[in-house]
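Engineer: Quick one: the structure is below, and I'll ask about it shortly.
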Amino acid sequence: MILKAIILGIIEGLTEFLPVSSTGHLIIANKFISFTGDFANAFNVVIQVGAILAVIFYYKDKIFPKLNDKIQSKKVFNLWYKVVVGFIPALILGFLFDDYIEEHFFNPKTVALALIVGAILLLFAEARLKRVKVDSVDRMSYKDAFMVGVFQCLALWPGMSRSASTIIGGLFLGLSREAAAEFSFFLALPTIIGASVLKIFKAGFMFTPYEWLVLFVGTFVSFIVALIVIAAFMSYIKKKKLAPFAYYRIILGIIVLLLL
């Protein structure tokens, strides 16, 4: 199971912050490596904490206030207010429909469909972005933050991608690709931590010592890989569009549907 944890940790780290759906890739991978069941579902969520730790490490200067710098501290607190506002929609819907979604949507077919639907929305959002209205997270309004949070609810459908949903929302609102991606990263902090805590709580902390080890390995691997991906992705979107990710989603979705 350790080897499977490493494989899935790599997949999680590679896909969490790209608009391709980490959960969708994990569900598909689980099917092919025969890693299923309640623990597998919990594992898929909990190892996302590794990716979150990567965001915290990479953006530590933006998300932690400096006591001797009032201007920077004000920006940090303003950012966190926006994150809280953006987190509210997913918090409510996720709490209400988590069990239903896990029972009915955690399968390769629904993931494949979501990959294709999300790709179409991403292409449409890219085509619609003619003029950037907001070029940084600092310039986002609270209304912008809330509306991006509403779009994030699309990611409750496994395969849509939390990153893609929030970036799509940001592009529709006139955010630059960089601003949309950065806010997507920040919004992931409470969203993924909340989802992971919920899974652990529902499991009653009743993992075996070996299962805790498997969780740790998967989380550590996802942290290392995600750290590399964040830097590479932010460099990429400064110069290029997101269309290649949409085409990849469509191809993967069709392949999965054909193999089912």
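Using N, Cα and C of the backbone, Cβ positions are placed for all residues, glycine too.
Because TrEMBL annotations are produced automatically, they should be read as predictions rather than curated entries.
From a predicted model like this one, the values you see are computed outputs, not experimental measurements.
Pulled the feature table from TrEMBL, pasting it below:
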TRANSMEM  39-59  transmembrane segment
TRANSMEM  79-97  transmembrane segment
TRANSMEM  109-129  transmembrane segment
TRANSMEM  141-160  transmembrane segment
TRANSMEM  180-201  transmembrane segment
TRANSMEM  213-236  transmembrane segment
TRANSMEM  242-259  transmembrane segment
Engineer: Based on Cβ pairs under 8 Å, which of the stretches 39-59, 79-97, 109-129, 141-160, 180-201 lies most in contact with the transmembrane segment (213-236)?
Structural biologist: 39-59
Engineer: Can you name the far-off residues of the same chain, 6+ from the ends of the transmembrane segment (79-97), with a Cβ under 8 Å from a Cβ of it?
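Structural biologist: Contacts with the transmembrane segment (79-97): 62-63, 137-138, 140, 142, 144-146, 148-150, 152-153, 155-156, 183, 186-187, 189-191, 194-195, 198.
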Engineer: Who are the long-range neighbours of the transmembrane segment (180-201) in its own chain, taking Cβ under 8 Å and residues 6 or more past its ends?
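Structural biologist: Non-local partners: 16-17, 41-42, 45-46, 48-49, 51-52, 55-56, 59, 63, 79, 82-84, 86-87, 90-91, 94-95, 98, 136-137, 140, 145, 148-149, 152, 162-163, 166-167, 169-171, 230, 233-234, 237.
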Engineer: By a Cβ-Cβ criterion of under 8 Å, what residues six or more beyond either terminus of the transmembrane segment (141-160) are in contact with it?
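Structural biologist: Counting only partners 6 or more residues beyond its ends, the transmembrane segment (141-160) has Cβ contacts under 8 Å with 21, 23-24, 27, 81-83, 85-90, 93-94, 97, 101, 105-106, 110-115, 117-118, 121, 134, 166, 168-170, 172-173, 175, 180, 183-184, 187, 191, 253.
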